[in-house]
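Heads up: the structure comes next, in structure tokens.
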Amino acid sequence: MENNKVKDYINKVCMLIRNKDVHYDINLELQDHIETLKEDFISSGLSEEEATEKAISHMGDPSLIGKQLDKTHKAKIGWGVIIPLLCFSLFGLVTMYFIQSKGAVAEADYIKMFQKNLVFYILGIGLITGLYFYDYRRILPYSKKIYIGTLVVLILQLFFNVPVNGHYYFHIGFLTIDLMPFCLLFLVVSLAGIFEGWDWNNLLGFLKALGLIKVPGLLITIIPGFLTLTGTITYSFLYFIACITLMFMSKAKVSQVILCIISPVFSIFIYTLLEPYRLRRFAIFLDPASDPTNSGWIYLQLKKAVESAGAFGNGFTMEPKTIPELHTDFVFTYIVYTFGWITAVAIITLIIIFLLKIISVAKVTKNSYGKLIVSGFIAILTTEFLLNIAMNFGIAPIMGISLPFMSFGGSQLLINMTIVGLILSVYRRKDLTHNMAKKEAI
């Protein structure tokens, strides 16, 4: 009987709170308050029924409490993340339009890059909206299954593939797609769930974690490397940066992180020795003028384009085939060359603001799983932005990495939009501490 009265009171409060995500936490909090008051009244001599009624009465009018809590727990919208994203998307779309209409890329009109990117931006906005309302905590119980499923997909790509621009894409029937970006996303999400509450203080726990990190890393780096001869260095680099971040954020020891780093660094060293031409390519990156007509040519072209820009750019004067992959890897060079350094600095400033806002989401999030997810995504986005801009300025070797949200490419754009959608989902629920269900043990 007493429990029914408490439930009725709490239900009346929750009915007025529109943000249903907080109902569980508020239910627990109100129950705790009522139980504390009830125990105090029982200790003063009241019966259990009288104590329950008095505790509920002492809590106050449920309508008033409900309205106050509705204002307090209004769903959060991460405008600090959304506004820079919209700016990136709009400017990226405008850039694709000018690349296509001005013929800066010979095949731009043929592949209809503006129209395709417009469709993917619309899909991406829909994806972000859906994920914002979706409770990310629902993913946690499936972390192990997502991890295993991703490993299966990586293995399948070894047997069903076709070469595209130096990489092997998944190919079966009419479907040809680069699954690596999707696998990277799923690995970060699954490992964030697996490492939530992970015990790093015993040797067995560390060895298990090391295995969980190394197996996908091996599939991404070593095995594709033997098949393609060029490998997927970019994805493996992004993956290990994300894993290192997840280890730190889940309270791994510095010594454990270092041990995790040693293996991929050693593998890259051996891989380079097995393919000496990579040393030659790195030497040319350091001194492009030593090979101006072959491998050094692209570095010299990038330098020439950037240095000739000036404050306001050169307008739409870039000739087709001046720089290959202008619409993907080197779109930032096109922006600098066409619109000038003022625009470039504005974009870099916006990128910094965008990343700082996402970092602030991780800081204010109380749920450890949400904090891990956002931290892993921060690592990926920061690395992508830094490497692409450094690559365009000639201060990093060419790694085949696009500028997030602004380069042409549907799958990568949708992946990054998914990342933002999940970040906004975490921010919407930043004050919620509990997880919705227990995850499976590893």
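One-based numbering along the chain as shown.
Cβ coordinates are placed from backbone N, Cα and C, and glycine is handled just like the others.
Not measured: the values here are computed from a predicted model.
According to TrEMBL, the feature transmembrane segment maps to 77-98, 118-134, 146-162, 168-194, 206-227, 233-250, 257-274, 334-360, 372-399, 405-427.
Here the transmembrane segment (146-162) has Cβ contacts under 8 Å with residues 139, 168-172, 176, 179-180, 182-183, 186-187, 189-191, 193-194, 212, 215-216, 219-220, 223-224, 227 of the same chain, all six or more residues outside its ends. Contact count against the transmembrane segment (334-360) (Cβ pairs under 8 Å) is highest for 77-98, out of 77-98, 118-134, 372-399, 405-427.
Residues 104, 113-114, 117-118, 121, 124-125, 128, 316, 327, 331, 334-335, 338, 347, 350-351, 353-354, 357-358, 360-361, 404-408, 420, 423-424, 427-428 of the same chain lie 6 or more positions beyond the ends of the transmembrane segment (77-98) yet place their CB under 8 Å from a CB of it. Residues 85, 89, 92-93, 410, 413-414, 416-418, 420-422, 424-425, 428 of the same chain lie 6 or more positions beyond the ends of the transmembrane segment (118-134) yet place their CB under 8 Å from a CB of it.
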